[in-house]
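See structure below.
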Amino acid sequence: MAERDSAPLVAILTGAGISTDSGIPDYRGPQGVWRKDPEAEKLVTYAYYMADPDIRRRSWRMRGESPVWKSVPNAAHEAIARLERTGTPVRVITQNVDGLHQAAGVPGRKVLELHGNARTVLCTECGARSTMEQALARVAAGEPDPACEACGGVLKSATVMFGQQLDGEVLAEAVAVAKACDVFLAVGTSLQVQPAASLAGLAAEHGARLVIVNAEPTPYDPIADEVVRDPIGQALPRLLAELRPGGSAPS
Ligand SMILES: [Zn+2]
């Protein structure tokens with residue numbers, strides 16, 4: 001573990017598995033809903049979305065029906081927020097777009113969203129941002145493919161679609177966190193999607209204690225200091241309690 005003057009930095013990479021207890025299925029992972037259904041995958045593939053108004057209409061309907069809007073944070077999200085409130089330096093790096101870490105109380109500046117956020121809408125033309133709530137209200141009011149009110153451009157959720165690059169700044173910050181952290185927890189992610197997965201290896205290379213919490217084996221299990229297969233909602237509150245000031249040191 002790297003020598004540090006301040007309290008140890010805890011990095012937590014989260015994937016779809018942390019949100020399944022909140023009723024949100026895995027959509028974009030290798031075994032996710034979208035990857036298994038070519039028609040559904042088109043709705044979240046940038047080239048199809050931009051080229052075809054019918055794809056956009058179907059995509060807006062799908063967004064309206066998303067389980068994200070009714071979801072609330074679960075015990076695992078709350079455990080992370082609790083650790084952050086103790087003053088322990090925490091950075092969350094998430095592959096999820098549901099905004100549940102922030103809903104649990106983790107300050108937005110401490111959450112790096114590798115795939116963006118489904119609660120925000122982005123104009124592909126002028127870059128204007130607005131809320132998904134407003135856009136879905138327009139869809140419900142009879143605009144099946146609402147256009148940007150400023151410039152008439154195509155609107156989409158502020159998420160990284162298939163065929164789009166990750167945000168370079170967000171990724172660079174995630175890499176910096178992985179290199180600097182003392183503990184790196186990978187939670188509910190199969191660690192099969194790059195470049196997110198490689199953050200685990202990077203953290204380990206730079207001396208962090210690597211803890212993997214996932215129901216299924218991951219390619220990074222052999223280099224992990226600890227692999228936990230227990231349900232995330234039980235395992236994470238226990239693991240994070242050990243990291244709190246005054247908590248028992250990880251063995
Ligand atoms: Zn615009």
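Each Cβ is built from the backbone N, Cα and C atoms, and glycine gets one as well.
Those TrEMBL annotations? Automatic predictions, nothing curated.
What TrEMBL says about this protein:
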- 1-246: domain 'Deacetylase sirtuin-type' (DOMAIN)
- H115: active site, proton acceptor (ACT_SITE)
- C123, C126, C148, C151: Zn(2+) binding site (BINDING)
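Shown on the structure are the features that TrEMBL records.
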residue : record                       : Cβ neighbours (10 Å)
H115    : active site, proton acceptor : 20
C123    : Zn(2+) binding site          : 20
C126    : Zn(2+) binding site          : 11
C148    : Zn(2+) binding site          : 18
C151    : Zn(2+) binding site          : 13
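Of the chain residues outside the Zn(2+) site list C123, C126, C148, C151, T124, E125, G127, A128, A147, E149, A150, G152, G153, L155 have their Cβ within 8 Å of the site's Cβ mean position. Over the domain 'Deacetylase sirtuin-type' (1-246), the average per-residue pLDDT in this prediction is 94. The two recorded residues, C123 (Zn(2+) binding site) and H115 (active site, proton acceptor), have Cα atoms 16 Å apart.
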